[in-house]
Amino acid sequence: MSVLIYANTANGKIHKSAFEAVAYGSKIAADLGTNATAIVIGACSDAESLGEFGATKILHANDSKFNDFDPSIYTQVVVKGAEAEGADVIIFSHDFSGKSIAPRVAAKLDAGLVSGAVDYPSTANGFTVKKAVFSGKAFANITINTDKKVISLLPNSVDKSAKGGSASVETFSPEVGAATVKVKEVIKESADLPLTEAEKVVSAGRGLKGPENWGMIEDLAKELGAATACSRPVADMDWRPHHEHVGQTGVAIRPNLYIAVGISGAIQHLAGVNQSKTIVVINNDPEAPFFKSANYGIVGDAFEVIPKLVEAAKAFNASNH
Amino acid sequence: MKILVCISKAPDTTAKIAFTDNNTAFDTNGVQFIVNPYDEWYALVRGLELKEQNGGSVTVVNVGLAENEPIIRKALAIGADEAVRINVNPTDALQTAKEIVAFAKAEGFDMVLLGKETIDYNGSQLGGMIAELMDMPYVSLASKLEMEGTTATIHRDIQGGTEVVEVTAPFVISAAKGMAEARIPNMRGIMAARTKPLKVVEGSGANASTTIANYELPPAKGECHYIDADNAAELIELLHNEAKVI
Ligand SMILES: Cc1cc2nc3c(=O)[nH]c(=O)nc-3n(C[C@H](O)[C@H](O)[C@H](O)COP(=O)(O)OP(=O)(O)OC[C@H]3O[C@@H](n4cnc5c(N)ncnc54)[C@H](O)[C@@H]3O)c2cc1C
Ligand SMILES: Nc1ncnc2c1ncn2[C@@H]1O[C@H](COP(=O)(O)O)[C@@H](O)[C@H]1O
């Protein structure tokens, strides 16, 4: 018995969400009294760093034939890794990589899958994992009844700090079938951190009146080290790029800090952001529904409030906190 | 081009989320059900567009009980040619996948299209499972799909960008925003839907591998702490000292 964690990469390095998945899987392994092995597929220059997050062994399938992200091939590699390690619990991040491979691995192993887990499994009564459902409006505790168990972890859910420690990296060269997906091109949308992984987000809605007014939002985001987001109508009117659209039909995020400026707080918007740890709402209408979900609220005109916040954030940064 | 679109039933996006039976069941009292938005707006409509360009047919499949027939008729009204309902009330995605595969295996579909996730369970599971069980390529979170003969060019969302990939039919795709523009059924479509075939098949007896122990609502938010607009700067201090998020 052991725990296997798939650690995804981006641009030849371990991706941020993978560190959290490894920390999560290592804690589960410790609770089960076993070891955690991480598996890395494709070129990666810092695989050994996963040791600091609790993995005691790292399998690196580093053949160049693994450089394209082909879910069918990656599934075979993970399944062979699980066989080699005798793993009963397999962990993924619930990001694009986990969404592509975890269900395939679960089907291949005929294993129960909980996707989008937000907490450690409870083993008091079976093996039960908590996940977000109804677009963040509730949670479900799901019991996995099969011997083999697959979990994909919603990023930003558990402690992801490095604990120290080291791991041996072993080259892993499983036999796999022919490629099924040919990657032709990768189009970068922004060099910055993707929205789903940002810990702070400044978001604005139709209350800003037009795309020309986003300068102050970007300034505030820059001072706070935050990513920018927007409500759906703002993306629909092309005031902002589509990948910034958060909510039920856009991306779902759960940063530590979500600042909503000139957004009314419609239920479909809330569905994508209401799991944020701290919510700040800035709106000139004291009746805006968003205030009901807010931790902090400022009733006021964004065009007056935001410049003040930018100044305050500048002063805060300068004071070397 | 023979296209299969998997459609699911979901509570309307404004539905109140509450639970009954000791928090083990979703309270459907007063809840309006719709076709899961990703299935209807993106997977189904793109399937119809591809059929209109290349000929062929669009079949919709749903694993569920007779109460799902209104949403299946809606998919027919939007333009699907025929529908299949697999008469099982599924417990999880793996069971649903096995039932769909048991039906689809012998049908020779060129592609299986799904939504990126259901808005109730938020699983993002079924597409990958069907692909694995049918041994087909799977491209998740696709925002664009073009066909040239049997070759598909697909845009898929990855972290911080888009990947352009090529796969050969048959394949499985989960559809995200950008794939198509939602269509509203017209009167003719609604009339035609009444007479289109809706076949009911019995399940193959596949088992679920997970069960829902119970549901929880998130802890209630405390009162909102209001800050005077004239003292907006105070917010920055509070975020640092109290909320500890900056
Ligand atoms: C099926 C479905 C799915 C949807 N999915 C999404 C989704 O994923 N994401 C999403 O965001 N929406 C979604 N919507 C739309 C949603 O219902 C709302 O229409 C939308 O969120 C409103 O956007 P908004 O708050 O920016 O605009 P509005 O509702 O127009 O609100 C603007 C707000 O700005 C305030 N304001 C105006 N001027 C100022 C000022 N000077 N200073 C400060 N505040 C000001 C106003 O008081 C108001 O509260 C969906 C709708 C449906 C039906
Ligand atoms: N009961 C069902 N019958 C048919 N298709 C379904 C069913 N449940 C989910 N789907 C499809 O699978 C997709 C992903 O569902 P899920 O994996 O549950 O998030 C949905 O968007 C639908 O296209």
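Glycine too: its Cβ is placed from the backbone N, Cα and C atoms.
TrEMBL entries are annotated by machine, without manual review.
For A:R206, A:S231, A:R232, A:G262, A:I263, A:S264, A:G265, A:A266, A:I267, A:Q268, A:H269, A:N283, the entry in TrEMBL reads FAD binding site. Same-chain residues at least 6 positions away in sequence with a Cβ under 8 Å from that of A:I267 (FAD binding site) are, in sequence order, A:Q248. Under the DSSP three-state reduction, A:I267 (FAD binding site) is assigned to helix.
The domain 'Electron transfer flavoprotein alpha/beta-subunit N-terminal' annotation in TrEMBL covers A:3-191. In the predicted structure, the domain 'Electron transfer flavoprotein alpha/beta-subunit N-terminal' (A:3-191) carries a mean pLDDT of 94.
Among the binding-site residues A:R206, A:R232, A:I263, A:G265, A:I267, A:H269, the ones with a Cβ under 8 Å from a Cβ of chain B are A:I267.
Around A:H269 (FAD binding site), the same-chain residues six or more apart in sequence whose CB sits under 8 Å from its CB are A:G205, A:S231, A:R232, A:V246, A:G247, A:Q248, A:I263, A:F290, listed in sequence order. The sparsest Cβ neighbourhood within 10 Å, among the listed binding-site residues (A:R206, A:R232), is found at A:R206. The Cβ neighbour count for A:I263 (FAD binding site), using a 10 Å radius and every protein chain shown, is 30. Largest Cα-Cα distance over the residues recorded as binding FAD, namely A:R206, A:S231, A:R232, A:G262, A:I263, A:S264, A:G265, A:A266, A:I267, A:Q268, A:H269, A:N283, equals 18 Å. Ligand 1 lies under 6 Å from the Cβ of the following binding-site residues, listed in sequence order from A:R206, A:I263, A:I267: A:R206, A:I263.
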